[in-house]
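*Asks:* Quick one: the structure is below, and I'll ask about it shortly.
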Amino acid sequence: MRLKELLPNFLIVHQEVPEDPIAFKSTDKRENENKEITIPELIDTKVPELADGATDTLYGLLVNGHLQTAYGSFRHFDNIYKVQYKRMIIKYPHGGEGTVDFAVNGRSTKRRKVEKEYVPTSQPVFNGNLKRRYSYYSPDDPKLNSDDAKPMLIILHGLTGGSRESYVRAIVHEITTKYDFEACVFNARGCCYSAITTPLLYNGGWTNDIRYCVNDLRKRFPNRKFYMMGFSLGASIMTNYLGEESDRTKIECAISVSNPFDLYNSAYFINSTPMGSRFYSPALGHNLLRMVRNHLSTLEENPDFKDVIEKHLKKIRTVRQFDNLLTGPMFGYKNAEEYYKNASSYKRIPGIRTPFIALHAQDDPIVGGDLPIDQIKSNPYTLLLETSTGGHVGWFKDRSGRRWYAEPLCRFLKIFHDEITVKGLKPDLENVQLPDPNCEPIATTFRAN
């Protein structure tokens, strides 16, 4: 054993792989019938950083999951992974508005002085430093529709986050500048400097908005192939969505990062440690309260929420308290416990029919290390990558904020696109046993009559 392997910042990758992972092969009978490839094989041959037993060294001063996690909260890392966005407004048919931020790095976003910059009447003006990074698309902008065939990555952020988060920008910057992908970030309601227009926010099982967003993007860009990556609560939403869509999937491949697969267990775990109960949970609760205060006038249009806000808002200190009083009842659940148990994304893993990779650090201080390994190993479409360290959406390589996962994950998506999607390889289902896709339904998902 080498000395560096004894260091607490030494990272080791461990894979949890189904016994018979899905193999992709050509449907053209003229091709060599034996020529096929699985996701683990693709990783081992093309992305060795993610192979089983791969090693690396993270930032030496961040010697555990707590420090890796906290470092991402204390700094914004504005000098690295710089991204410019243009924002599209989505008007949901089920009420309210959402926003999608498209990466436009390297493209001219300047307007002539005589041309007034478009700002939707329902949304805030970007001022100060935000104005350098964000602007709005007008609804009739021709760039919102294209016949090009470039691959596009859709990213879902974590709790109260958005396209501005450094963990999101790391992926957006890498995949657009190095791998010729288009990228956009789906901002949840009320997040990332966006205004809500109805008294409704979102939760870890609310898949209606992302479903509408994906369908809308496919209409705008009919020739593109779509990929997904979700972080933390965004990974929960993404996993639930993919499990519900099952073999109707419109996504070529998806990656889940630091997913709280079991919301109930995660809520318990975060409050079971001194750091969790004294720092993480109050910090996340503070972010949720700030989001509510930013949209207070609209939320109070619902008299039930107005009553709760007036009576309890000042008493809320943790995520669980927030979900018990606001999130749960807002979406028809009796309390936080009922919401957590119904919306936990591990329940939708059996329904996934999209090539799916989950990345998780064993020292994640927010989610914990209790992962749905049995469910993942029972689905030939899914694969788990566990690292010995990295924290919750951390994996910092150095002081500058460089992330260990950004380059290899983006390279994997590029290789998957080139070697499987573009070549038209299809999953060989002849000799695999798929789990029953009929998962427990999410109570809040809209269903056709």
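A Cβ is built for glycine as well, from the same backbone N, Cα and C atoms used for every other residue.
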*Asks:* If Swiss-Prot is the reference, give me the range from 230-234, 275-279, 395-399, 430-434 marked as motif 'GXSXG'.
*Replies:* 230-234
*Asks:* Run through LYS46, LYS82, LYS341, LYS414 and tell me the one Swiss-Prot describes as ubiquitin cross-link.
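*Replies:* Record lookup in Swiss-Prot returns ubiquitin cross-link for LYS82.
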*Asks:* Are there recorded positions among LYS82, ASP364, HIS392 that sit within 10 Å of SER232 (active site, nucleophile), Cα to Cα? If so, list them; otherwise say none.
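*Replies:* Cα filter at 10 Å returns HIS392.
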*Asks:* Looking only at LYS82, HIS392, the recorded positions on record, which one has the least crowded Cβ, with the fewest other Cβ atoms within 10 Å?
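*Replies:* Among the recorded positions LYS82, HIS392, the sparsest Cβ neighbourhood within 10 Å belongs to LYS82.
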*Asks:* Including all protein chains shown, what's the count of other C-beta atoms within 10 A of the C-beta of SER232 (active site, nucleophile)?
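*Replies:* Excluding its own Cβ, the number within 10 Å is 27.
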*Asks:* Using Cβ-Cβ distances, find the residues under 8 Å from ASP364 (active site, charge relay system) that belong to the same chain and are at least 6 apart in sequence, listing them in sequence order.
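*Replies:* Result: GLY65, THR69, SER258, GLY390, GLY391, HIS392.
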*Asks:* Counting each residue once, how many in the motif 'GXSXG' (230-234) are helix, strand and coil under DSSP?
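*Replies:* Secondary-structure composition of the motif 'GXSXG' (230-234): 2 helix, 2 strand, 1 coil.
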*Asks:* On the 0 to 100 scale, where does the mean pLDDT of the domain 'AB hydrolase-1' (151-392) fall?
*Replies:* 96
